[in-house]
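Colleague: I'd like to ask you about the structure that follows.
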């Protein structure tokens, strides 16, 4: 049966990628349908109850700067907030929040249900409708045919999902949810390059059976941080601490005793797990010299006693899980509410995607989230927003948009995926970005909100707040540059207190703010300083720009130097065997991967700087023959 309504964009899946994709497409004015197997699980946090962290918090801020929901929902559902790396430079500082699962999910669903241009429908998708090499819609379990111009697949771990506990396994998308077996088979039938990955989760514990008195308490930060640029601490519900304990030699012996029944160590699981979120059995194998590992006990919410023991993800048999949990200090009488498990699932080689996250093989079909080989809510949300926005642009027959590596962590994420592919679940870190001083959490709006506004992703409220912030920063910067502090007009004791020494001459306030030891707040305590700005976001920007301007300028110059070759377009139908001087290995890799730009080509493993030079020569030669200049990205 054909559904009566036709849509511009269909989103398959209601996790973190799917919800951001649906909201983005609808914000851009496209008639959007979100299909999910269960409306009750929209925005569900399937694994740990936290958002953000190193690199991940940066992605959340970028999603927020583009009008996305994740940061705002975290502000409404966050029960503990911390700034990680607070003692380090601004490039690597990152926000992390524990979230109440129920409140977070409710905040996401409320946004979905109240978003104009967005329809929700509860049905699992079994098939994709193709017309030649173009997508035309989807077919659900009931045989309902939904037609659309573009489709975004955000299937998470559901594609041929297989849950493992010990040597027992069963088909599931996650514990308690059915897998997408028919859809997985259909995608493989189409011939897209597939592989298997795995991820895992720890057993959940009843907090009433935990002895917190023998553990270290880990409170949140004060004053309490916020995630969204439009957020405030008043939005946060009650705040709770986390607790820290450790595994021990007894724990490790118990784990070793069960390895002969581990699906990972007996070869039952084929998929590769995440390097940076390993199972506890993987930890004791990889770090055999360590006699203990940290375990963070994280509350799942304000209205439940359920605790998430971060650090002991496992797929060992339940009897081993029971023993290992009870061997940990403070958990001697712990009651397990849900067993830990591993889940194995299909993913598709992201080198088969364009920078827009559209598949190269099928026009109008976009992938986002774990289907692309990533791990993490934040990575999924960022991809979802980008895929949803580009699906909306595709439906309008407009050019695709994506941020570059020097513009956003989202740009780094996508570029890494489509040029290098994945051999294990991909997690974002600040170390993956060459220009991380430019890509700070605090300036995500400065980098992306204007682009989001042009795309139609950013509403009037956010845009007006952003403009006010920009104007306040510019106004105060000018004031700091023209306001001077004269040492004769300030008591010596106060100068000593603020600057650690006496000033020898007159300085502008901006010059003084550039000093590492001088804060904006301390500067305003001087009698000639004036009132200053009250907005903490404005204050933060003023201080960072003053102190790091030299480094930022040098990085900007480096980016400009690289842009010329970085952005040269490569034709997707180019035959690299025709490029004189390229090795057979490089020819094969380029013909297989079909990079879109010279920059992408240079980041493919095995493609040397010499090979890039040959490509540039080849392009210029062809360009001269054609009588025009090489096409460059605008």
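Including glycine, each Cβ sits where the backbone N, Cα and C put it.
Okay, these came from Swiss-Prot:
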BINDING   13, 14, 15, 16, 17, 18  FAD binding site
BINDING   273-287  NAD(+) binding site
Colleague: Can you tell me the CA-to-CA distance separating residue 15 (FAD binding site) and residue 275 (NAD(+) binding site), as a whole number of Å?
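Modeller: Cα to Cα, residue 15 (FAD binding site) and residue 275 (NAD(+) binding site) are separated by 23 Å.
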Colleague: Can you tell me how far the Cα of residue 285 (NAD(+) binding site) sits from the Cα of residue 17 (FAD binding site), in Å?
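Modeller: With the alpha carbons as reference points, the distance is 33 Å.
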Colleague: Near the FAD site, what residues other than 13, 14, 15, 16, 17, 18 in the same chain have a C-beta no further than 8 Å from the centroid of the listed C-beta atoms?
Modeller: 11, 19, 20, 21, 36, 43, 154, 156, 369, 380, 384
Colleague: Pop the Cα-Cα gap between residue 16 (FAD binding site) and residue 283 (NAD(+) binding site) into the table, whole Å please.
Modeller: 28
Colleague: Check the DSSP secondary structure of residue 13 (FAD binding site), expressed as helix, strand or coil.
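Modeller: Looking at the DSSP assignment, residue 13 (FAD binding site) belongs to neither helix nor strand, so coil.
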Colleague: Round to a whole number and give the Cα-to-Cα distance in Å for the pair residue 13 (FAD binding site) and residue 273 (NAD(+) binding site).
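Modeller: A Cα-Cα distance of 22 Å.
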Colleague: When you measure from the Cβ of residue 281 (NAD(+) binding site), how many other Cβ atoms are you left with inside 10 Å?
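Modeller: So the Cβ neighbour count for residue 281 (NAD(+) binding site) comes to 25.
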Colleague: Under DSSP, is residue 279 (NAD(+) binding site) part of a helix or a strand, or is it coil?
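Modeller: The residue in question, residue 279 (NAD(+) binding site), is coil (DSSP, three-state).
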Colleague: If you measure residue 273 (NAD(+) binding site) to residue 18 (FAD binding site) at Cα, how many Å is it?
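Modeller: Distance (Cα to Cα, whole Å): 23 Å.
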Colleague: How many neighbouring Cβ atoms, not counting its own, are there within 10 Å of the Cβ of residue 279 (NAD(+) binding site)?
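Modeller: Neighbour count, Cβ to Cβ under the 10 Å cut-off: 25.
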Colleague: For the binding-site residues listed here (16, 275, 283, 285), tell me which residue's CB has the most neighbouring CB atoms inside 10 Å.
Modeller: 16
Colleague: Do you know offhand how many angstrom separate residue 14 (FAD binding site) and residue 277 (NAD(+) binding site) by C-alpha?
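Modeller: Between the Cα atoms of residue 14 (FAD binding site) and residue 277 (NAD(+) binding site), the distance comes to 24 Å.
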Colleague: Near residue 287 (NAD(+) binding site), how many other Cβ atoms are within 10 Å of its Cβ?
Modeller: 11
Colleague: Long-range same-chain neighbours of residue 277 (NAD(+) binding site), Cβ under 8 Å, sequence gap at least 6?
Modeller: 199, 313, 375, 425, 427
